[in-house]
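Student: Please read through the structure below; I'll follow up with questions.
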Amino acid sequence: MDDRMNKSDKEEMEKEEKATVATDDEPEINYRGWKVMPFIIGNETFEKLGAIGTLANLLIYLTTVFNLKSITATTMINVFNGTTNFGTLVGAFLCDTYFGRYKTLGFATAASFLGLQAIQLTAAIPELHPHRCAAKESGECEGPTAGQLAFLLMGLGLMIVGAGGVRPCNLAFGVDQFNPKTEAGKRGIDSFFNWYFFTFTFAQMVSLTLIVYIQSNVSWAIGLGIPATLMFIACVVYFVGSKIYVKVKATGSPMTSVAQVIVVAIKKRKLKPVEQPWLSLFKYIPPKSINSKLPYTDQFRFLDKAAIVTPQDEIKGDGSPADPWRLCSLQQVEEVKCLFRVLPIWASQIMYCVTLVQLHTYAVFQAVQSDRRLGNSNFKIPAASYVVFMMLSLTIFIPVYDRAIVPFLRKIRGKEGGITILQRIGIGMFVSIFTMLVSGMVEQHRRSIALTKPTLGVVPRKGAISSMSASILIPQFILGGLTEAFASIGLIEFYYKQFPENMKSIGGSLFYCGLAGSNYFSSLLIFIIHGTTNRTATGNWLEEDLNKGRLDYYYYIIAGLGILNLGYFLLCASWYKYKGNSDNTPELELHVNGEKQQSDKP
């Protein structure tokens, strides 16, 4: 985020973005910058409103309309989210290799619309969902038929296809509209991150309040029809601006270069390391490469052997290797090192995001069995809407962090961002531990009141409603928003800046792959705890009726795992070297063949 952004800066940026970039062989690139943002940000807003408007309350939909048990619905949501997030890796690969971001986004947005429309039909057409379960304390309800479940899964499958293309590409596509060689373009990229997360948070807040209320209190058919309509609008807005977008073409699979380095390094594993590798290793950068030139780093030195020139290696007249599966360049090796350095950090994200998963699943069930009345009225806040406090804390804290905290830290530490990206992520992980500890204490309090004081009725097929006000759940959601403000945003920025330029979409998908791992790990954790505690004298910790279970113990286990994960992350962070700069500051400069080669050891 850039606190220097003001009216004069935007005017300067618009002037600089008019500048064109051309090569001898390629046409000019007309960067429109902020002029195309109404189309891109508008598309993202409507797309997120549509997707989140359905997914925010999907857990309640599965338990109330499809009559699934809580543990079944939770596992189904975790598997769906995990598959959706892992699908981004496939979408990113297809985008970078074959189709480019413009075509991928267009196809994915259309697929998302069809998926949302299919889910809406399961609510609108009685034959596509089970008979509504009568309000009763216990007993089995009629579950969905195979056909009904298949139609629902078809809609969810289309949403997986859509999310697989949209999530890794929409941020990178917006960044493509700015000239990365100008100061205005670089500031525009930083500011775009602001707008990206603002629209994301705005969409979540609207979805978790207005749309969720309509779904829970008016009609599921209408409530699910609104997101489908918004997704259709997103498609229209996206294609209206198609003539003025910068459309970066696919440059072939970036993973081919990664595979070449690994294969060649294995073939040459018996070679002795060279002295002064920053001078002796083979150097070549293709003329049309969009990747920034990287200096030599002394990590993963076994990969250096892929760039050692032997008598058997042939080099063409233009300086490129005759066989890229026998000789790789120092640039290729360093790009693979960037990827290898990021992976340990990514592994720590999996455990961190387990906290976020709980706030969207079991924390909602906590609200279901709490007093959700607004004041003395009979109006009840929908259980899923309490997640909006997570978004509110994120929305409020981001400008405070950007306008007050960052400038203060910048003066003290002399760094552009105030603190490094990894320091920001570490703070978020630390806060996530407190989030789970607070969640456990609140659940312990809710359960105690439910068992010792008069209750407010019974939730069908669950249990008694505790007289504890659901507003006491708000602190854990506020902490969840703060942990996202630090760690989640930091991780996305980290992946974007630390990956080679031709792997930006794959880098963007890495965050969602981490979320996928968290969803699967959370499902595994639920399965283990459910199976283990079900045979103990204390009973199942994750009972359908939370008053009979010990959800607080489950939260404390996640907090303990979070402490171990934070220690692992700190070790990885102390070892990490930022891409392309010896003073640990990421760069976004672009270099092509013919410019001065790096000749000094970093």
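Quick reminder: no glycine exception, Cβ is built from N, Cα and C everywhere.
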Student: Out of 40-65, 92-117, 508-533, let me know the one TrEMBL marks transmembrane segment.
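Tutor: My reading of TrEMBL: the transmembrane segment range is 508-533.
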Student: With an 8 Å cut-off on Cβ pairs and a sequence gap of 6 or more, do the transmembrane segment (220-240) and the transmembrane segment (339-363) reach 3 or more such pairs?
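Tutor: Counting Cβ pairs under 8 Å, fewer than 3, so no.
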Student: Can you see whether the transmembrane segment (383-401) and the transmembrane segment (195-214) are touching - at least 3 CB pairs under 8 angstroms, only pairs 6 or more apart in sequence?
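Tutor: Contact between the transmembrane segment (195-214) and the transmembrane segment (383-401): present, because at least 3 Cβ pairs are under 8 Å.
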Student: So, taking each listed stretch (195-214, 339-363, 421-442, 477-496, 508-533) in turn and counting its Cβ pairs to the transmembrane segment (553-576) that are under 8 angstroms, which one gives the highest count?
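Tutor: The stretch with the most contacts is 421-442.
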Student: Looking only at residues six or more beyond either end of the transmembrane segment (477-496), which have a C-beta under 8 A from one in the stretch?
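Tutor: Long-range Cβ neighbours of the transmembrane segment (477-496): 171-172, 175, 193, 197, 342, 345-346, 349, 352-353, 355-356, 359, 363, 386-387, 389-395, 397-398, 401, 421-422, 424-425, 427-429, 431-432, 434-435, 438, 504, 507-508, 510-511, 514.
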